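Undergrad: Mind looking over this structure? Questions follow.
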Amino acid sequence: MSAPQVGVLALQGDTREHLAALREAGAEARTVRRLDELNSVDALVIPGGESTAMSHLLREFGLLEPLRARLAEGMPAYGSCAGMILLATEIADAGVAGREALPLGGIDMTVRRNAFGRQVDSFEEDVEFEGLDGPVHAVFIRAPWVERVGPDVEVLARAGGHPVAVRQGKMLATAFHPEVTGDRRVHRLFVASLS
């Protein structure tokens, strides 16, 4: 069986780190910036960055509606931090009208942006992660948390009493950045779900 073709949305954020993590996890990974690139992948990673800026860039690059359509059709996706925000069906504090973060609707959840605080409030913490042996060292940078999950959403990890990792079918999202730690278990979990 050939390796899954996984794209990393390369408009902003930890693109290189996700590409490296996906390759180490056994995927064939490449960047996605254009519609033809989006249409050529089996799954997509939406990296961290700034969710309102990423929404703006998705519109500018003509990817917003095609990406929503691919997700609605069942394309697997993994979102970290801002990627988690964008994969939500609802964003609790989307931002200023006209420059707000736009939900893509992949996971039935409500997410609050910057819920753990501003940049200076960023932190690291070991979290227990359902389905993985041992804790995951989680790096939270202006991180969101999940305020509501739908009935088909599994909560995989919590921090501060709030869900910070969730899965719905072949959609995975984390409020933290596993791509920057060298621990590839979250990426391996996502890649394994593609087979």
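The backbone N, Cα and C atoms fix where each Cβ goes, and this holds for glycine too.
According to Swiss-Prot, the protein has these features:
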- Cys81: active site, nucleophile (ACT_SITE)
- His177: active site, charge relay system (ACT_SITE)
- Glu179: active site, charge relay system (ACT_SITE)
- Gly49, Glu50, Ser51, Arg113, Ile141, Arg142: L-glutamine binding site (BINDING)
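Looking at the shown structure, what environment does each listed feature sit in?
TA: For Cys81 (active site, nucleophile), the same-chain residues 6+ apart in sequence whose C-beta sits under 8 angstroms from its C-beta are Gly13, Pro47, Gly48, Gly49, Ile141, Arg142, Ala143, Pro144, Thr174, Ala175, Phe176, His177. Annotation note: Cys81 (active site, nucleophile) sits in a coil segment as assigned by DSSP.
Cβ neighbours within 10 Å of His177 (active site, charge relay system), excluding its own Cβ and spanning all shown chains: 24.
The local packing around Glu179 (active site, charge relay system), expressed as other Cβ atoms within 10 Å of its Cβ over all shown chains, amounts to 28.
The secondary structure of Arg113 (L-glutamine binding site), as reduced to three states from DSSP, is coil rather than helix or strand.
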Undergrad: Cβ within 8 Å of the L-glutamine site's Cβ centroid: which residues qualify beyond Gly49, Glu50, Ser51, Arg113, Ile141, Arg142?
TA: Gly48, Cys81, Ala82, Ile85, Asn114, Pro144
Undergrad: Could you give the Cα-Cα distance between Ser51 (L-glutamine binding site) and Glu179 (active site, charge relay system), in whole Å?
TA: 18
Undergrad: Under 8 Å Cβ-Cβ from Glu50 (L-glutamine binding site), six or more apart in the same chain: what's there?
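TA: Counting only residues 6 or more apart in sequence, the Cβ neighbours of Glu50 (L-glutamine binding site) under 8 Å are Gln12, Ala82.
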Undergrad: Would you find the one among the binding-site residues Arg113, Arg142 whose Cβ has the most company, meaning other Cβ atoms within 10 Å?
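TA: Of the binding-site residues Arg113, Arg142, the highest Cβ count within 10 Å belongs to Arg113.
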